[in-house]
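Look at Swiss-Prot and you will find D17, H208, H210, N244 tagged as Mn(2+) binding site. Marked as domain 'Pyruvate carboxyltransferase' by Swiss-Prot on the basis of sequence analysis: 8-269. Annotated region 'Regulatory domain' per Swiss-Prot: 408-540, in sequence order.
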Amino acid sequence: MAKDPGRVLIFDTTLRDGEQSPGASLNLEEKLAIAQQLARLGVDVIEAGFPFASAGDFAAVQRIAQQVGGDNGPIICGLARASKADIKACADAVAPAPRGRIHTFIATSDIHLEHKLRKSRKDVLAIVPEMVSYARSLIEDVEFSCEDAGRSDPEFLYEVIEAAIAAGATTINIPDTVGYTTPSEFGGLIAGINQHVPNIDEAVISVHGHNDLGLAVANFLEAVKNGARQLECTINGIGERAGNASLEELVMAMHVRRRYFNPFLGRKEDSPTPLTAVRTEELTKTSRLVSNLTGMVVQPNKAIVGANAFAHESGIHQDGVLKNRLTYEIIDARTVGLSDNRISLGKLSGRSAVRARLEELGYNLTREDLDEAFARFKDLADRKREITDRDLEAIVSEQVQQPEARFQLKFVQVSCGSTSRPTATVALMDEEGGERTVSAVGTGPVDAVCRALNCLADVPNDLIEFSVKSVTEGIDAIGEVTIRLRRDGSLYSGHAADTDVVVAAAMAFVNALNRLVAGQERQSLHPQKDPVVLDARPTL
């Protein structure tokens, strides 16, 4: 039987695999904010990035290792392909963390060996112990992944795993890279590893899975029943293609059905000991933070954290819930940190009160960013009678999102109506302080604003998504706007909020432009180096 840590470890890969969602690119300050909230959430491991991929990724992993990876905090992990250059960069990046981990991988399925790696099984069996041994010479905690394990020959998989453990791997990760397996198949794969790998008791079995068939969470729960003790997942289930296994769904499934899962961990059925170390009351807060910073809206019917997760429309259901919530609710909303919007602050609230509430919500701002956030708060308080936590989250997210900006919106003014053509006048300031103003017409006020901004910025792009939603109820509610721009096949998101949705649209468009420019500059300054014939964009 695999090494058993006594509970199920939660390995969060939001900052690595989750960030690979189209348009979800995060800057360093955003990654740090999410990592700090993940630490408050209580995850065991944070996979902070892929250090060899770029100077920006290296800096993000190193900064998180310095500021989040404390003695009692989460393990800080970096991803590395099975090459010495990747592994050395990863070791250097996680070095500041008291508890660091190198996560190295190579594909094991025949389709990957033939068409991607162009290597034989014999080649892989030689590479694995060499690279794992090298990683272990640099750090004590080494995780090894068999990419596309779900489509690998089990007998070959057993050989590779045995070799990796013998070389020093302390965690063995089994990825369902393309979300191909079914729960019974995936559970059987984990059971087979436990039965046929002689030294499996020296390592923890981990699983990583994508949601292409909507089975990722079900696969993971079946894996736990068969001996997996680490789950690699993301907040809101974000990730490549259809996403990854959802952290909040996994944690709450084991929380609500603890009596069912206890025996599979060798416990008595009625043991009250939690199956994970996650503080469930932080789940909603973490979900909202990730959604705000990535610009990826959580679907209303998303389990656990969706807007409708605890809503009841049917009269029969409403009647039952009013009499006893257990009639139609298996989770108390307070367990996941969800409470009714409350008036926590008002127009007379001071800077200290705003700062304290923002810290409770997971935002630790610099003095400069707090000053700007407080100014926006006071402006909003003059226009809006009730200020809620969602309002605060909306107005502060831009301070975290835009630490550096090529363009800054100075003002926007629009005129439109049933008998006039929509016209927008905008002023934009560049990084050198130069200010330019231009007017443009469009099919509507937002279209006119975007045309004017494009004229000023002169940055080629295609607008592929515009969405707006109300943060809270009421005619004076803040409107949140998300805009996605595409250039050269890459997506860049911008997110902003204001009581005037046209102003919010202008701010979101400028945010997206700034991300696009920064992304293009990173690509030109730090082109991907590829010392070995491996996939330059790992998905696991």
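Backbone N, Cα and C atoms are what each Cβ position is placed from, and that goes for glycine too.
This view paints the features noted in Swiss-Prot onto the structure.
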residue	record	DSSP (3 states)
D17	Mn(2+) binding site	coil
H208	Mn(2+) binding site	strand
N244	Mn(2+) binding site	strand
Across all protein chains shown, the one of the binding-site residues H208, H210 with the most other Cβ atoms within 10 Å of its Cβ is H208
Is it possible to get the count of other C-beta atoms within 10 angstroms of the C-beta of N244 (Mn(2+) binding site)? 31
What mean pLDDT score does the region 'Regulatory domain' (408-540) have in the model? 84
Neighbouring CB atoms within 10 angstroms of the CB of D17 (Mn(2+) binding site), all protein chains considered, total 26
Within the region 'Regulatory domain' (408-540), residues counted as helix, strand or coil by DSSP: 38 helix, 55 strand, 40 coil
